[in-house]
Amino acid sequence: MEKYDLITILGPTASGKTPLAAALAYKLDTEIISGDSRQVYRRMDLGTGKDLEDYVVNGQQIPYHLIDIVDPGYKYNVFEFQRDFLNAYDQVRWKDKLPILCGGTGMYLESVLKGYRLLPVPENPKLRDSLADKSLAELTRLLSTYRKLHNSTDVDTVKRAIRAIEIEEYYKHQSAEYREFPQIHSLIIGVDIARELRREKISHRLKQRLDEGMVNEVKALLDSGISSEDLIYYGLEYKYLTLYVLGKLSFNEMFHQLEIAIHQFAKRQMTWFRGMERRGFTIHWLDACLPMEDKVEKIINLLHTKN
């Protein structure tokens, strides 16, 4: 009987997650499910770093899921990701294969590893009013009486604690069947890249994608009728390149501000992954600089290692 139902490969931007996932998928004859919140969009290729050529290993196309599934302008969210992930996961498992979930969007990855379905929770003004005068200590005690959906590290302010209670209260009144989400036992691999090397690779990739036509990609999206507000909403490359195309930033301003923003984004990704470890997930970190064959071999050894 298989020890794991899934392999998850995570890491910050420019760490080499996708080539590793593809090399592993080739070795295991399996398929990749993308866990990236922006690669779901069609025609947003250079700006989201799709690098589709990475999915070809030794001349073989590695099947992938959840890339290019919605049109630009749409506001895709984590609730839809859970649904779409399960559909893709079931398709791969149906073939008796071990799927590989690969991405850097921590919220998306954690949403399927946690084991409960996320629901969009509306505000409850009446409940908020009833909690408004309580201290953080009182709210934390109250929160502890619910089925534990939240970790205490997430509720370090009164506002967060009230929202956590609001979510717990909403879930309490949903049927168990509605909340059901399969328990997926995943081997989680983290690609660990030294900060300076990460920064160097981010800067190199940014220059490379600009050379490959990222500005023209943004112009084409705007020309096709996608609003500048929608592109700015997607953040990072699309935000700063749109501001550049609109004449609100010079090229140098755009490049400098975008470079800083991507470095900050990578740092936030690592913060999320370290938070996952505090929340009880075991992440097996591999040095990004190891030869690909060594990384793949280490993962396969972990797959077969007994607890």
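Just so you know, glycine gets a Cβ as well, placed from its N, Cα and C.
Per Swiss-Prot, the feature ATP binding site maps to Gly11, Pro12, Thr13, Ala14, Ser15, Gly16, Lys17, Thr18. According to Swiss-Prot, the feature substrate binding site maps to Thr13, Ala14, Ser15, Gly16, Lys17, Thr18, an assignment based on sequence analysis. If you look up Swiss-Prot, you'll see 36-39 marked as region 'Interaction with substrate tRNA', on the strength of sequence analysis. Annotation source Swiss-Prot lists site 'Interaction with substrate tRNA' at Thr105.
Everything Swiss-Prot records as a feature, shown here on the structure.
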residue	record	contacts (Cβ under 8 Å, 6+ apart)
Gly11	ATP binding site	Lys17, Gly104, Gly190, Val191, Asp192, Ile193, Gln269, Phe273, Ala288
Pro12	ATP binding site	Gly104, Val191, Ile193, Arg198, Ala266, Lys267, Gln269, Met270, Phe273
Thr13	ATP binding site	Gly49, Gly104, Ile202, Ile262, Phe265, Ala266, Gln269
Ala14	ATP binding site	Ile193, Arg198, Lys201, Ile202, Arg205, Ala266
Ser15	ATP binding site	Gly104, Val191, Asp192, Ile193, Arg198, Lys201, Ala288
Gly16	ATP binding site	Val191, Ile193, Ala288
Thr18	ATP binding site	Asp51, Asp54, Tyr55, Cys102
Thr105	site 'Interaction with substrate tRNA'	Gly35, Asp36, Ser37
Structural state census, the region 'Interaction with substrate tRNA' (36-39) (DSSP three-state): 0 helix, 0 strand, 4 coil
Number of Cβ atoms other than its own within 10 Å, given for Lys17 (ATP binding site): 24
Lys17 (ATP binding site) - helix vs strand vs coil (DSSP): helix
Averaged pLDDT, computed only over the residues in the region 'Interaction with substrate tRNA' (36-39): 96
Cβ-centroid neighbourhood (8 Å) of the substrate site, Thr13, Ala14, Ser15, Gly16, Lys17, Thr18 excluded: Gly11, Pro12, Pro19, Gly104, Val191, Ile193, Ala288
Shell of the ATP site beyond Gly11, Pro12, Thr13, Ala14, Ser15, Gly16, Lys17, Thr18, same chain only (C-beta within 8 angstroms of their C-beta centre): Gly104, Val191, Ile193, Ala288
